[in-house]
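Straight from Swiss-Prot, the features:
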- G37, K38, G39, G40, V41, G42, K43, S44: ATP binding site (BINDING)
- C218, C221: [4Fe-4S] cluster binding site (BINDING)
- 293-314: region 'Disordered' (REGION)
Amino acid sequence: MSASSSAISPSASHLGADPKIVRRLSSVSHIILVLSGKGGVGKSSVSAQLALSLSSSASPSDRSRMARVGILDIDLTGPSIPRMLGLGGASVKQSTDGWVPVYTDASQHLAVMSVGFLLRSKNDSVVWRGPKKNAMIKQFLGDVRWGTLDYLIIDTPPGTSDEHISILEYLRTFEPAAVMVTTPQAVSLADNLRSLDFCRKTSLPVLGLIENMSGYICPHCNDCTNVWGKGGGEALAKREGLRFLGRIPIDPGLVRVLDDAKDDAHVELQKQLHQTSLNDNVLKAIDQPLTPHSQSAAAQLPNSGDTESLTPAGTMLSRTTIQRYKNSLTFPIFQEITDQIRDLATKHKLHPQSSVLTTAL
């Protein structure tokens, strides 16, 4: 099967959808939202691992090449994906064909977009009401030059909020699916029931449930201590008719990989100063959405016709992050989970209304 035949193509199935979003996502094969009922369960780390694992595997449409993956961080008030991927100092570029995402490597197999790239400082807060958040999400979908992707992973905020409603409204015709993340704690399990109810009410298919922080393996004796109990996620999945995708233990090595990634992306001072000015313009433009194809947008960069040459080719920091992740004890564990998600996403694409994949009432 060719990449073009497996990708979502503009057609009558997208009637009513925003034309700009249809144009940008027409070559994206699978869209997967990562959800959690509460904060602090490791949802963003699961999103990052899923993106890294998928980009390290073969494309489902062409086994002779590696998968092309995008990760979109719509946790607007708490963006953490840039830091986890070692891209904390990177910035988004403006081209005559829209925003250029940040790539983690020279081969451009993993594209990243987050509001964290647009902030003046990593310590800046995002104090926006619903309409401005919705406009930002719409721009991420409609103005970013995603290109051809096998998977687009969307890291969402915890709980259910304006961001979740907006993203589903914009993506409804693209038949997205979700992966839910919980911990064995009773409070996390209870909060996930609310997220599950949200999925049912919005007819969002759930591919399965991951139990994160499932035990702590001592790096000295390899004994596993179930800090927050055991089996809660699997029991919840069984009770609610979900697929249980697996358990991820607490791995100090993974914590170091994702938390200790440098915030410096070796950006030259003059480019950084220029990008600060550009980012300010981008954030101000959210009230009146930026039109990347306009002359005014192109004029924001000197030589906008040569913007392609400014496309980030991947920093040594991020390549190091990818390699360190592959060397972590968690990588083979999560690879098994990734294999399941990949197979389920393919089945969902072929049979989007399959009762096996949708949560049963």
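Every residue gets a Cβ built from N, Cα and C, even glycine.
Projection of Swiss-Prot feature records onto the structure.
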{"residue": "G37", "record": "ATP binding site", "Cβ contacts under 8 Å, 6 or more apart": "P158, G159, M180, T182, S188, A190, D191, N192, L193, R194, S195, L196"}
{"residue": "K38", "record": "ATP binding site", "Cβ contacts under 8 Å, 6 or more apart": "P158, G159, V187, S188, D191, N192"}
{"residue": "G39", "record": "ATP binding site", "Cβ contacts under 8 Å, 6 or more apart": "G78, P158, G159"}
{"residue": "G40", "record": "ATP binding site", "Cβ contacts under 8 Å, 6 or more apart": "P158"}
{"residue": "V41", "record": "ATP binding site", "Cβ contacts under 8 Å, 6 or more apart": "P158, V181, T182, T183, S188, N212, M213"}
{"residue": "G42", "record": "ATP binding site", "Cβ contacts under 8 Å, 6 or more apart": "V181, T183, N212, M213, I248"}
{"residue": "K43", "record": "ATP binding site", "Cβ contacts under 8 Å, 6 or more apart": "V34, L35, S36, D155, T156, P158, V181, N212"}
{"residue": "S44", "record": "ATP binding site", "Cβ contacts under 8 Å, 6 or more apart": "D73, D75, S80, I81, M84, D155"}
{"residue": "C218", "record": "[4Fe-4S] cluster binding site", "Cβ contacts under 8 Å, 6 or more apart": "C224, T225"}
{"residue": "C221", "record": "[4Fe-4S] cluster binding site", "Cβ contacts under 8 Å, 6 or more apart": "none"}
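According to DSSP, S44 (ATP binding site) sits within a helical segment.
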